[in-house]
């Protein structure tokens, strides 16, 4: 930004600091206020709703000003960060009382959407990830860091893999090379906060050295990243950004985990959204997370979000989780003991981070001690359980007894939220501190004693000893008794009805008291700093405790879901079979009225006999719910949860793909046929033998012919794919697809049943073998409140179209067509209505698909049937097409 002409020393200092962070809002500490100036003040006043004013800035100059009290920082800072602003906090670096010149100021922290440890900025149930993406020609690196927890990860892969990670981890801020910003936007279409860094911040060699330096290593083999140069480049960019934002205390970032796509089920952004895993698509709806998250600690809440979007592909790890859930399910007493003590732990993970960064408050130090005390009974239950995996988890809990006992001895149990706001260090810790406190806190007794002494000496019964900030300690005498005042008293202030005096004894006492308070503050600060330093020695075991508690909390949550919702333990194995008996949708079931049972359904899929199920049925019958519940049950099984069914066997799934139709809450701007085809293409290009594929109403965004053709060919492709036979559910209103059952061995028709009783729809919501020939669209339109005359007219038209279809079917040759592809019935599936000269359909006319007796059409048909396509040259084809055009024109 251009440097304005400035006059006052304060504003000169402000603009010098502002020039170093032109893209951040600068909160400039002036006395007891944080002030913003110029453009920052205008922006801050709009976001924070604070008054915008102006102040003089030298001769004939004014500058915009907006500010708030320093103690309100925790209130206003989150609002700026959530608005996507970077905020530079500029504090006074020296005591204004000790300098006669301009107070020295400097940036103490740069807070951004992705880099914050402020509790009011952070969400307790979500991670606050900062991401960096390094862009290569084909391979991209990605690194993610939550500075508030110390979680640091890196990986690399193609653009699709990076997009999946961005979708599932939901970083609050992404770092990109400035020269690659345009390409990044074209590839990922990220709508969140992006920060462009200079290209040097993504230097491959420099960033490798930066990562090695942070961990004090000579090789990254221990992290499994030695050969992943793009991943390491991204990780180095994250560390460079922390340097830039003045975050230098990073002892809690103790490891760099490799993001390995082979460990987890592939879920793309469309699947996460359409299955409503983390958030509902409709306002007031519920997500899977809302239903199964019964975690107690913030660490558990954050962990379960990650587990949901990263299901496991290793049956052994899945079964290990299941066995712990089973133990908790069958042992309610142990479950209750652990749950009770988890409530006492709080956010241990972020407390450890604050301790490592030297920012833990006295009150938080007490909470850390409470958390460590709560770990002991939890460890006791776990290590004595008759379940091996739970014992292993309990063995990871470090009680850190020395630290716990030290905090118990040295910190007041009711310690204040900050140093200087009350006593922090307990009595008996330091003899000097105890002496100073005795001196400072005995003031009331001393003043009462002095006051009584002077009353007796002077004979003034109304004499009063008091204190204020202006004059300090003084003796007040009413005017009626001022003739009794001793000569050695010094008059300090004259009031209307009284005089105020000081004495040498009072002056000495005041100096002693005020000096003691300053010494108490300094000594408490020193003793507390030593305690924080001791805590920092325990960062690694405390982080291990946090991880173990998070996992324990999630498994306890799964057991609670099983208890509440009648979930069962599924079998997860290496087979290719999905066999669900009486499966239920975990979210919809919990939203039904108490007296309305959920209609359960069976699903069987494999790769040998029943690979593809075509599901037909009317709107509102439950087709979409059936598809989604199959995917959700499979996903829940592979995160280690119990599932809503009577029994379930899940042959391990390595990817779940979904494609929902345009009416199924596709966000605005994406409900186009092109996007539908792009998503379908993405699925077809990434199929594996273990994929689970859900197509819901594919092809509705175009004409009927086009839609049927595309849907038909996709089912054929999935069935005939030589490399993979993915298990597939295909819900459709194109009843013509039912013909595929007779042509493709592993395709089977099912329908979600509905009945029309006395002109009213009865949705049975039961999956039955066989295809459906009716969509009951008109009945659904009636239920939706469509005007009666429109419903009646639609009914008449439907009857005529059905009669015409029956007529055509009767005229079809009875010979069996052995060719694969749609029958003549499907090909002639688009009837037309005769119209008058204004284009309106003529009521009462016989409807027809084609004017079959039209001689022109008969001639064209004969011309086409007589063609020998195998011997036709391109030129002859064009000539024949021209002949047909002449026939249509009538010459």
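Including glycine, each Cβ sits where the backbone N, Cα and C put it.
Secondary structure from DSSP puts residue 617 (ATP binding site) in coil. According to Swiss-Prot, the feature ATP binding site maps to 617, 618, 619, 620, 621, 622, 623, 624, an assignment based on sequence analysis.
Residues or ranges marked as compositional bias 'Basic and acidic residues' in Swiss-Prot: 805-827.
Look at Swiss-Prot and you will find 805-840 tagged as region 'Disordered'.
Most other Cβ atoms within 10 A: among the binding-site residues 619, 621, 624, that distinction falls to 621.
A coil conformation is recorded for residue 622 (ATP binding site) in the three-state DSSP classification, outside any helix or strand. When Cβ neighbours within 10 Å are tallied across all protein chains shown, the highest count among the binding-site residues 617, 618, 622 belongs to 617.
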